[in-house]
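Feature annotations, courtesy of TrEMBL:
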type	residues	note
TRANSMEM	7-27	transmembrane segment
TRANSMEM	76-99	transmembrane segment
TRANSMEM	111-136	transmembrane segment
TRANSMEM	156-182	transmembrane segment
REGION	213-259	region 'Disordered'
COMPBIAS	213-223	compositional bias 'Low complexity'
COMPBIAS	240-251	compositional bias 'Polar residues'
């Protein structure tokens, strides 16, 4: 039996979501502030949950470890740090638990263990989406450097995508823990109809074929002889000429019969 599709789906989405969440956690780009007050118009501040970096539109120089001005002390930042790290750890634990449950090297997976691993992966996705959504909701109200143009950073987008992938992957793995729809959710072929057809099928009738082997006889099966056939022929010319009587007193010429 090959590995069911729902387990393959979950085991592919979970690592992809983990990589996106890791990038979202460590990269300093949760929000971008343009036109910072008291700074040059070309200065851009990229704020994450661990660090703040300063860039410029006129150069490629990036300066990190910028003063936070109370940004890193915000409640949302502290909560996001803890939940994002917890999400990464729980995802790894979920993958480690689900791997022996999937057991692609055997005929049948262990659905209970695979379902528990899927539940952990699902919870890790929720742990990612909660701080991401909260941060987006209060994006312009977070203290720190102020500017006239505050935008969502790419870490928010990656966090949303990674969290959704983990939620979907964990959910489809978890639904395999219970067998429903005749086992179709596990990729099993339904056997109910096949068993019913076999049960209702009437037994085959046995027909005895008589033996056609007979002894071969060389005697003719015709009840008459060859001589009797000659006597019964209806064509006069075909009859034998030996039994006819000849009139010797008549001496006629061959052409007299035509006159």
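FYI, residue positions are counted from 1 along the chain as it appears here.
The backbone N, Cα and C atoms fix where each Cβ goes, glycine too.
What TrEMBL says about a protein is an automatic prediction, not a curated fact.
For the transmembrane segment (76-99), the neighbouring stretch richest in Cβ pairs under 8 Å, chosen from 7-27, 111-136, 156-182, is 111-136.
Taking Cβ pairs closer than 8 Å, the transmembrane segment (111-136) reaches residues 7, 10, 14, 17-18, 21, 24, 30-31, 76, 79-80, 83-84, 86-88, 90-91, 93-102, 142, 152, 156, 159-160, 162-177, 179, 186 in its own chain, all 6 or more past its ends.
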